[in-house]
Structure formats: C-alpha cells, structure tokens
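In what follows, a single structure is set out as structure tokens and then discussed.
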Amino acid sequence: MFPPMWRRLIYHPDINYALRQTLVLCLPVAVGLMLGELRFGLLFSLVPACCNIAGLDTPHKRFFKRLIIGASLFATCSLLTQLLLAKDVPLPFLLTGLTLVLGVTAELGPLHAKLLPASLLAAIFTLSLAGYMPVWEPLLIYALGTLWYGLFNWFWFWIWREQPLRESLSLLYRELADYCEAKYSLLTQHTDPEKALPPLLVRQQKAVDLITQCYQQMHMLSAQNNTDYKRMLRIFQEALDLQEHISVSLHQPEEVQKLVERSHAEEVIRWNAQTVAARLRVLADDILYHRLPTRFTMEKQIGALEKIARQHPDNPVGQFCYWHFSRIARVLRTQKPLYARDLLADKQRRMPLLPALKSYLSLKSPALRNAGRLSVMLSVASLMGTALHLPKSYWILMTVLLVTQNGYGATRLRIVNRSVGTVVGLIIAGVALHFKIPEGYTLTLMLITTLASYLILRKNYGWATVGFTITAVYTLQLLWLNGEQYILPRLIDTIIGCLIAFGGTVWLWPQWQSGLLRKNAHDALEAYQEAIRLILSEDPQPTPLAWQRMRVNQAHNTLYNSLNQAMQEPAFNSHYLADMKLWVTHSQFIVEHINAMTTLAREHRALPPELAQEYLQSCEIAIQRCQQRLEYDEPGSSGDANIMDAPEMQPHEGAAGTLEQHLQRVIGHLNTMHTISSMAWRQRPHHGIWLSRKLRDSKA
C-alpha cells in the first residue's frame with residue numbers, strides 16, 4: 001500500500017496518533033473557515049477533548065453504541081448546566097449532583113468509568129459558552145461534534161486496519177525481546193541479586209501490563225470475524241506462549257556455575273537469547289508496519305544447546321535451557337501457537353445497572369468515594385472562583401478535572417507537568433500576541449502547534465501542554481478578541497486548580513497503595529493456590545491452565561505496582577516497605593515456578609496421585625500460613641483461627657522430577673515469605689486501614 005519509507009512514517013505510533021487527532025480537530029475549523037463560520041469550527045474543537053477523555057476513540061465491538069451514549073451524556077450535562085444555572089442553582093450543588101449521579105459508571109467497568117470526567121468536562125465547557133449563544137447551540141455542537149468524531153475515527157481505523165491493537169502487540173514483542181536478552185545475560189553473570197532482580201521485575205511488569213492491555217483490546221473487538229482480527233488473535237496467542245517460556249526460571253545458581261565451568265554453555269545460552277531477542281524485534285516491526293514475516297530458523301543455536309544437554313545429563317540447567325528454547329524456536333519458526341485454546345473463554349461482562357447501583361450506594365464503594373472526592377474538589381474550586389469574583393470559574397474547574405488521576409503519584413506528576421506547561425505556554429502566547437499576526441498565518445501556526453503537541457503528548461505531557469495552552473489562547477483571541485486579558489487570570493486559575501487537586505488527593509479519602517499491600521498480597525496468594533490446584537489435578541486442561549497462569553501473573557503485577565506506588569507516597573515507614581519488597585521478590589520467584597509447572601502439566605508430566613496430593617496439601621498449608629500472617633495482628637490474637645505449622649516434606653526415593661523440584665522450591669519461598677511478613681508486621685503503620693484487625697474487614 002505504501003513504499004517502505006512512507007510505511008515506516010505513516011504507521012509510526014506517535015505520527016499516526018498525531019495525524020488522527022490533528023485532522024479530527026482541524027478539519028471542522030477548515031470547513032468553518034471556507035463557509036465563513038470560523039467561530040463554529042473553533043467551537044467544534046471542544047468536543048474531541050471530551051471524546052478523548054471518554055475513550056470514544058477506542059476500537060470496540062459496540063463502537064457506535066458507546067458513541068450514542070457519550071453524545072447523550074454530553075448534551076444532557078450541557079442542558080442541565082444551562083437550565084439549573086438559569087434557575088439560580090448554586091454551581092457547587094450542580095457539580096456535586098452531576099458527579100454523584102454519574103459516578104455509578106465506574107461500577108459498570110473501567111471503560112465506562114471514563115464517561116464521568118468526560119461528561120463533567122462537557123458541563124464545564126458549557127459554563128464558558130453560557131450567555132454567548134442560545135441554549136440549544138451547545139447541545140447541537142456536542143451532538144454533531146461527537147458524531148463527526150466517531151465517524152472520522154471509524155473511517156480512520158478502517159483504513160489503518162486495527163492500528164491501535166497492532167501498536168500494543170508490537171510493544172509487547174519488543175518488551176519480550178528486551179526481557180529475554182536481559183534475563184539470560186544475567187543468568188551467566190555474577191551479579192548481586194539485589195541489583196540484578198529489580199530491572200528484571202520492571203521488564204516483567206511491563207510485559208504483563210501489555211498482555212493485559214492486548215487482552216482487553218482483543219475482547220473489545222471479539223465480535224469481529226475478519227481476517228485481520230484472526231491474524232492479530234493468533235499473534236497474541238504466540239506472545240502468550242513466548243512469555244510463558246521466557247519468564248520461567250530454574251533458580252539453581254550452583255548448577256549454572258558448574259555447567260559454565262565444564263562447558264561453553266555461557267556463550268551458547270547467550271547466543272540463543274540474543275537470536276530470540278533479535279527475531280522478536282523483527283516481528284515487532286512486521287506487526288507495526290503491516291509486513292508479512294520472513295522465514296526463520298535457529299537450528300544451529302538449538303543444536304548447540306542440545307549437545308550441551310546431552311554431554312551433561314546430570315546437570316538440569318542444560319536440559320532446562322534446551323527444552324524452553326526449543327519451544328520458543330518452534331513458535332518463532334512456525335508462527336503458530338504451541339497449543340489450541342479459547343482465548344476469550346472467560347468473557348468479561350459488565351455489571352448490570354441495578355447491581356452496579358446497589359454496589360455504588362455502599363459507603364465502602366471505591367467508585368462512590370472517588371465521586372465524592374471529585375465533587376468536593378469541584379465545589380471548592382467553584383467557591384474559590386466566587387471568592388475571587390470570577391464571573392465563570394471554568395478554568396479552575398477544568399484544571400482540577402484534568403490533573404486528577406488515579407493515585408497520588410500519577411496526580412502529583414500530572415500537576416507538575418500541567419502547571420509548568422501552562423505557565424510556559426501562557427508566556428509564549430503573551431509575547432506572540434503583541435505581533436498582531438494575520439488570521440491566516442495564525443491558523444497555520446495553530447495547526448503546526450497542534451500537530452507538534454500531539455506528536456510528543458504520549459512521551460512528554462508537559463511540553464504538549466505548552467502547545468495546547470498556546471492554541472487555547474489564540475482560539476479565544478479568534479473567538480472573542482480577549483486573548484491578552486486571558487493570560488494572567490488563567491495562570492492564577494491553573495495554580496489554584498493544581499493546589500485543590502493535590503489537596504483533595506492527599507486529604508479526601510486517599511486511596512494509599514501502601515494500605516492495599518496486604519489485600520493485594522492476600523489476593524496473589526489465592527491465585528497461586530488455585531494455580532497449584534489445577535497443576536496437580538488429575539487431568540489439567542490447557543484453557544483453564546492458561547487462564548489461571550495469566551491470573552497469577554496479573555495478581556503479582558498488581559502487588560508489584562502497589563509496592564512501587566507505595567514507595568513514592570509521603571510519610572510511610574521505609575522499613576516496612578523494605579521488608580515487603582523482599583516478600584514481593586519471593587512472590588516473583590513463585591510466579592516463575594508456576595509458569596514452568598504450567599508447561600509441564602499441559603504436557604501431562606504429572607506426579608503420581610498420592611505424591612501430588614501430598615504436595616498439594618503442603619502448598620495449601622504453606623499458603624494459608626502466609627495468608628493468616630497477613631490477616632491477623634499477631635499469633636494468639638486471631639481468636640478461633642488456627643495458625644498452622646508448615647509440614648516437613650519427606651524426601652522420596654529416587655531423583656526428584658522437574659515438577660517436584662519446582663514444588664519444593666515453591667514451598668521454600670512460601671516459608672521464607674511467612675518469616676518476612678512476621679518481621680514486617682512489627683514495622684506496620686498504626687493508623688487508618690491498618691487499625692483493622694482482620695484483612696477481610698478492609699478488603700472493600
């Protein structure tokens with residue numbers, strides 16, 4: 001379709017995204033300019049901002065249904081804002097009512113939750129338009145603007161053939177390449193584990209996050225049966241198989257050292273890892289740039305590994321590397337998944353409205369707390385505008401809404417970027433307004449600035465805010481010729497809005513990740529227990545095994561993300577976090593063992609029933625000991641609960657099989673985690689959620 005150079009340019013993620021966002025903004029302005037209605041064309045540019053926040057450009061099997069819902073909510077919020085303000089209803093009451101009513105969308109699902117800030121932004125934009133036009137005009141702008149936004153994005157995705165999904169899959173393959181290369185380079189290096197493991201954990205976290213993102217995109221497109229979707233589904237299944245075999249670990253450093261001393265295994269293992277990583281990067285480019293993959297083989301590399309494994313049959317490292325690299329090579333050579341499974345067997349269903357409403361009305365509902373926090377912040381912002389005698393405090397309200405993110409760390413970063421970017425943008429715009437640039441040149445510069453801002457938006461929000469601020473100032477200059485009067489008040493409004501958002505995040509029902517560490521650790525242990533049950537069952541099936549393996553990886557990822565965010569939160573006990581960091585490291589080892597055991601169970605390398613039952617009982621008792629240590633304050637304060645002792649596994653005659661070795665190491669890690677949590681508990685905070693004596697009382 002395109003020559004190679006243009007293909008790399010047009011399919012580049014940042015360029016493709018910037019072109020799409022710039023065209024959907026600027027085409028209505030161009031049409032308005034040609035028709036002599038530049039004002040309406042510029043007002044249309046308000047609607048894509050609401051649609052972007054609502055995620056209405058997300059490829060979805062119910063794309064147009066979501067579009068209708070979004071347009072209806074935007075128009076309804078705009079109408080209610082104008083009518084209630086005309087009845088002299090105080091603005092804080094209006095914003096509180098809208099926020100609390102729309103907050104139920106968060107109970108329906110993460111994609112529906114985006115409708116809350118988008119609808120509130122539509123109401124805030126209406127504040128700036130009220131008094132300048134009839135009541136029906138903002139409604140028409142939102143309805144037609146959303147329709148235009150939806151049709152343009154549908155046409156764009158139809159032309160570029162599911163480009164957002166291709167971008168996610170390409171990033172996943174590239175992350176797997178980096179992870180494989182880094183992991184097997186450390187396998188043969190004498191590196192301090194405390195320094196070597198954190199970078200690997202970060203790469204593993206990114207890979208699992210991308211897998212979750214790809215799965216959500218696949219689910220949202222699951223109604224499609226076209227060839228492109230089926231090809232993307234197959235590529236995603238291959239990525240799951242690759243991640244499964246790349247992320248396994250043997251954890252026998254002594255055996256690795258013996259094999260390295262007796263053979264040239266170090267060079268061969270690194271050769272295999274680098275070959276796999278290079279091929280994954282080529283496949284990442286093929287996916288992104290719509291190219292068919294070329295033929296691939298790594299027979300020489302696998303042959304060298306097989307020779308080492310044959311020459312050293314008593315060393316498990318050679319067999320381990322040969323077995324997993326041969327599976328990886330098979331996927332890369334055949335371009336087919338290792339086994340058949342129903343990837344979408346576990347359907348994600350949104351909660352029906354009435355059960356969602358019932359859950360939302362509970363005081364323990366995170367969605368209700370988030371809506372309450374946002375309503376208080378917006379009310380304070382509107383009262384601040386009244387105290388400063390601002391006729392319309394829409395800029396303070398908009399700043400609060402745009403910088404408030406899910407979590408302390410993300411909100412703090414967004415506040416810094418937004419405030420600095422706005423200040424720089426206002427200074428540049430103030431200087432530029434003195435030059436009295438003609439309208440045609442002004443529109444051209446606005447187009448270039450918008451394109452440049454979207455090009456860097458994903459990587460540098462602060463610099464993108466500079467461009468958006470300049471464009472906003474010139475939009476007001478073209479609409480109402482008051483751009484210079486706008487600069488200083490908007491600077492003050494931005495600072496006030498950022499301060500309100502920061503205060504609300506810290507003091508209004510804060511959801512500290514440090515307070516969720518126990519719950520997330522408990523959930524991860526439950527996922528591990530269910531995975532071990534499936535692995536040691538009499539007839540493990542591939543699809544349930546695959547799903548539970550991903551749940552295990554995602555549960556550990558949630559725990560790891562909580563720990564990282566907790567370490568950035570203010571005034572928290574660093575000794576407790578240091579202990580929990582060690583706990584999470586052992587949790588990662590268990591995940592790697594479960595990944596390895598899943599492949600063994602799928603190939604029916606099972607233990608004898610009596611031995612499997614014995615190991616299952618030992619693992620369950622060890623997991624329950626860890627859970628009880630997390631749940632209760634201290635031994636003896638748990639009432640009727642029984643803090644169980646870990647059983648001693650009796651050694652069996654004969655050499656233990658690979659599966660049995662993994663199970664023994666899992667039990668060892670669980671015992672270590674129990675000891676760590678016993679020490680960490682003494683360092684815990686003594687306030688807030690930590691005053692709950694039992695974990696299940698604070699799970700909501």
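Yeah, the Cβs are placed from backbone N, Cα and C, and that goes for glycine too.
Pulled from Swiss-Prot, these are the features on record:
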- 24-44: transmembrane segment (TRANSMEM)
- 67-87: transmembrane segment (TRANSMEM)
- 89-109: transmembrane segment (TRANSMEM)
- 115-135: transmembrane segment (TRANSMEM)
- 139-159: transmembrane segment (TRANSMEM)
- 383-403: transmembrane segment (TRANSMEM)
- 420-440: transmembrane segment (TRANSMEM)
- 461-481: transmembrane segment (TRANSMEM)
- 491-511: transmembrane segment (TRANSMEM)
Return the stretch with the most CB pairs under 8 A relative to the transmembrane segment (383-403), choosing among 24-44, 115-135, 420-440, 461-481.
115-135
Decide whether the stretches the transmembrane segment (139-159) and the transmembrane segment (67-87) have at least 3 CB pairs under 8 angstroms, with pairs required to be 6 or more apart in sequence.
yes
With a Cβ cut-off under 8 Å, give me the same-chain residues at least six positions beyond the ends of the transmembrane segment (24-44) that come close to it.
129, 141, 144-145, 148-149, 152-153, 443, 447, 450, 475, 478-479
Let me spell it out: take the transmembrane segment (115-135), skip the flanking residues so only those 6+ beyond its ends count, and list any with a Cβ under 8 Å from a Cβ in it.
43, 46, 49-51, 53-54, 69-70, 73-74, 76-83, 85, 91, 94-95, 98-99, 102-103, 105-106, 142, 371, 374, 378, 392-394, 397-398, 401-402, 404, 480
